[in-house]
Amino acid sequence: MIRKNVKDILTKQFQEMPNTNEVMVSEAYADILIPFTKDLEERLGIYEARHYQFITDKYVLVHIPLDRYYEILFRFQEIDINVIPSVLGPYSIDALDASGVLPFHTHPFVPLRGSGVLIGFVDSGIDYTHPTFLYEDNTTKIVSIWDQTIEGNPPQNFIYGTEYTEEEINRALESENPYDIVPSRDDTGHGTFLAGIAAGRYVIEEGFAGAAPDAEILMVKVKEAKAYLKRDYLIREDAIVYANTDVILGIKYLLNKAVALRRPIVICIGLGTNIGGHDGTAIIEEIIAEVGDVVGVAIIVCAGNEANLGHHYLGVYPQGQRFQDVDIRIAPNEKGITFRLWASAPDIYSVGILSPMGEFISRLSPRIGQREEIKLLLERSRVYVEYQLMDKRTGDQMIVFRIEEPTPGIWTLRVYGDLVVSGNYNIWLPREGWSDPATQFLLPSPSMTVTIPGTNTIPITVGAYNHLDDSLYISSGRGPTRNLMIKPDLVAPGVNIRGPIPNNTYGTRTGTSISTAQVAGAAAILFEWGIVEGRLPQMDTRIIRKLLIRGATRRVGISYPNNEWGFGALNLLNSYELLRGTF
């Protein structure tokens, strides 16, 4: 009870501060995410924080002036590197037939099309004027849009952005200039495409339908990450980047709306990152797991498109050798790059670095909280190395590398085994789109390329395959996770899939976010059967997963589960047939 009262007081205090909503979008403020503890007031004093809010009942989002941000972070060694927001980015009707979804739309006795179910997205927005999101009377099937990029009237219990209701969207659709009333747009088309694949209505003349055409849509248009985060992670200026804090708040909004409407909801996340331990322990994964355990909620996430991009190195330390060299090719156009090495306890490693021009940074001894900054003598490059001997979320060792203005060519990490038990370590470079495509390991591994938040146990992680020739999509993220859990859970069609794009047109896209949207639609159909129609009202993410993997198509000659196909390819009809026999 004390905890609840403190939370209420802090939330009230936050809301009473003048212009507090501005800090969420202002480039003059940095954000950090700290766990709720009994000494919260003292910790807020350490961060010199005047602006803060509860993002969940376990975490507090704190906003501090950017001009004090680095001073505060580096002054206090006990500050966990995980408090710095991570960042994520997007991954982009014969397919419905291949997935066993289409028969439900026209079933003579039990037609199931997602009626009564919400499908929520945290993405780039939605073209609400597109015909696939309109009923025959030209009204919308979108329940609401929270546009985090437009200041105005935020949703209840949130402090930034603008919420557009179904009534406002319908009023906009009736007008000659709808964007004068609801100015929210989808700048990239990613959110529009996913929403259409999952829940688009039949458009007869285009021969298009989503997996759950009668499900209704909630959309969060997530704002792009603040500029300082792009600078800190040395991400390309033209990259699409979202802060995990904004994504988490988007998920919270979707859950709040579903609870208020007393409707089951499927949450579709087509975003991913390589920043983290790839073992299910990232903050966003912890929060997604909590939400996914709620009855009436299913969370579906993509496996990412990293398998063949050369961004993962699987280290197997050779017994009896003093060191092992890991070579990274850095492209000529790279302005900077950050990456991390992870080693499971009790192993401990240290590193030296050899530049393309032959300058060698001697072995840096591992010490708790050690940070080294090295300016190369013959090159413009500046190298930062930070040791975390015991990451506060995993207990494992993490080494953070940051190279500014890297000399193009082959950089060699010389890895020394100070304490070797398992002998395995992993390094992940930035995900697709955040660095030059030519920047990659010379000897990469396609394993352990499922992106975060797809490495947690709870969410249903989806890979992609080509339904026309039954081949795995070459970039589809592969498992296992770093803690050796099978992922993805299953695959679905994700190659050259046709769907809606802004300005009332259609196109094709490829990627695991596309297959994820199709599984989200399949989950909505199961929710209609189980919760809306009252046959299995306790359904949640775990039950949806069990139903989907039981019915998945498994090919002769392949051993399942495996780290490419999971438990097989989506086959909703087979899942239903197996389920029907138990009722």
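Cβ atoms here come from the backbone N, Cα and C positions, even for glycine.
Going by TrEMBL, these are the annotated features:
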- Asp123: active site, charge relay system (ACT_SITE)
- His190: active site, charge relay system (ACT_SITE)
- Ser513: active site, charge relay system (ACT_SITE)
- 114-307: domain 'Peptidase S8/S53' (DOMAIN)
- 449-568: domain 'Peptidase S8/S53' (DOMAIN)
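Structure coloured by features recorded in TrEMBL.
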residue	record	Cβ neighbours (10 Å)
Asp123	active site, charge relay system	28
His190	active site, charge relay system	26
Ser513	active site, charge relay system	30
Practice item. With DSSP as the yardstick, break the domain 'Peptidase S8/S53' (449-568) down into helix, strand and coil residue counts. Key: 32 helix, 27 strand, 61 coil
Study note, to complete from the structure: Reading the DSSP string in three states, the entry for His190 (active site, charge relay system) is helix
Check your understanding: Helix, strand or coil at Asp123 (active site, charge relay system), per DSSP?
Key -> strand
Review point. About how far apart, in whole Å, are the alpha carbons (Cα) of His190 (active site, charge relay system) and Ser513 (active site, charge relay system)?
Key: 9
Point to revise | Whole-number Å value for how far Ser513 (active site, charge relay system) lies from Asp123 (active site, charge relay system) (Cα to Cα) | key: 11
**Study point:** Segment confidence, the domain 'Peptidase S8/S53' (449-568), expressed as mean pLDDT
**Key:** 97
